[in-house]
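Below: the structure, in structure tokens.
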């Protein structure tokens, strides 16, 4: 940008991890953003509007895959063609250990918070947890879970782009709001 305001500017791409996911969320890899948006919209429409069931969907997709592979294998043996190229379908020990380690961190964090609330009698953490659970419960009563996930995907594809484009303007407005006396912010 070149102006004096951009010297303190935080890169949204870097804040999002700087990899492929950041490129998709900022629409730098527009193909990935389009695929994510179209597939999320299609799945939301299929499950919410068309009334399709997740278990039926997974079962039908797997059935279609098995039928295609079976017919491909039979036709390949009859026509002297190569068999379908299937990879060795195994999960490595390293992948399982890494997943278990990541899950352990989350579970331990949740158990630590539960212990602080129950045994530590920390009123502040208790009120924070209660407030978050009330907000989640209220939002959950307004939306179906799949609709909430779809809204989250739409927001994740739009908010980072808007913030990246108008970061200086948004940060300036935020600074102005933080300088206002607290009595003028009350409604």
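Just so you know, glycine gets a Cβ as well, placed from its N, Cα and C.
In TrEMBL, the feature transmembrane segment is placed on 53-72, out of the ranges 53-72, 73-92. TrEMBL lists transmembrane segment at one of the ranges 12-29, 30-47, namely 30-47. Annotated range for transmembrane segment in TrEMBL, selecting from 106-124, 125-143: 125-143. Confidence over the domain 'Reticulon' (21-172), given as mean pLDDT on the 0 to 100 scale, stands at 85.
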